[in-house]
Amino acid sequence: MKVNPNNIELIISAVKEDQYPETELSEVALSGRSNVGKSTFINSMIGRKNMARTSQQPGKTQTLNFYNIDEQLIFVDVPGYGYAKVSKTQREKFGKMIEEYITKRENLQLVIQLVDLRHDPTQDDILMYNYLKHFDIPTLVICTKEDKIPKGKVQKHIKNIKTQLDMDPDDTIVSYSSIQNNKQQQIWNLIEPYIS
């Protein structure tokens with residue numbers, strides 16, 4: 001699958017169902033804890049530096065951001081979870097917004113769950129993965145920040161994450177580095193069956 005990086009736009013930032021875009025395109029949602037690198041991942045996948053706004057401040061994305069990717073699919077950037085400085089009320093609001101999207105949106109075909117390859121999955125990562133499995137949502141786990149791990153230890157870290165998430169054998173896990181930028185095609189190939 002090839003995408004034209006010049007044909008990508010943020011369609012809408014939504015907080016509730018009646019704001020979701022009316023479209024026939026399949027949607028791929030990106031979930032992960034705050035600061036796992038969702039925006040950086042989107043930018044590197046589409047070959048654009050600042051399409052999805054990256055921030056040094058975790059918990060910055062507070063809406064569901066719908067990006068039309070070359071009229072082929074829509075990436076939905078979901079607010080990061082597990083950020084301590086977001087108030088309890090705000091966290092509950094995010095939770096409801098994410099739940100409404102994941103359980104009601106028929107266009108949703110796949111969730112890419114991003115986890116940090118350097119660390120064990122957090123309790124929130126495990127809860128999110130189990131939540132997706134509970135609703136039978138196809139899930140692709142991407143382990144970010146691969147460049148921060150010595151090459152010889154990458155497989156060990158992947159195996160650890162797979163075990164701790166108690167991953168469904170049908171789900172795929174891939175390590176990724178937005179800096180090395182060498183696995184986009186592999187990931188597009190994994191996404192493609194869900195959107196065609």
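Backbone N, Cα and C atoms are what each Cβ position is placed from, and that goes for glycine too.
Keep in mind the model is a prediction, meaning the values are calculated, not measured.
Residues annotated as domain 'EngB-type G' in Swiss-Prot, with sequence analysis given as evidence: 24-196. The GTP binding site annotation in Swiss-Prot covers 32-39, 59-63, 77-80, 144-147, 176-178. Here Swiss-Prot flags SER39, THR61 as Mg(2+) binding site.
PRO79 (GTP binding site) has a Cβ environment of 24 other Cβ atoms inside 10 Å. Over the domain 'EngB-type G' (24-196), the average per-residue pLDDT in this prediction is 87. Here the CA atom of SER39 (Mg(2+) binding site) lies 14 Å from the CA atom of TYR176 (GTP binding site). For the binding-site residues shown (SER39, THR63), fewest C-beta neighbours within 10 angstroms: THR63. According to DSSP, GLY32 (GTP binding site) is assigned to a strand segment. THR63 (GTP binding site) and SER39 (Mg(2+) binding site) have their C-alpha atoms 13 Å apart, to the nearest angstrom. Around LYS145 (GTP binding site), a 10 Å sphere centred on its CB holds 20 further CB atoms from the protein chains shown. In three-state terms derived from DSSP, THR63 (GTP binding site) belongs to neither a helical nor a strand segment and is classed as coil.
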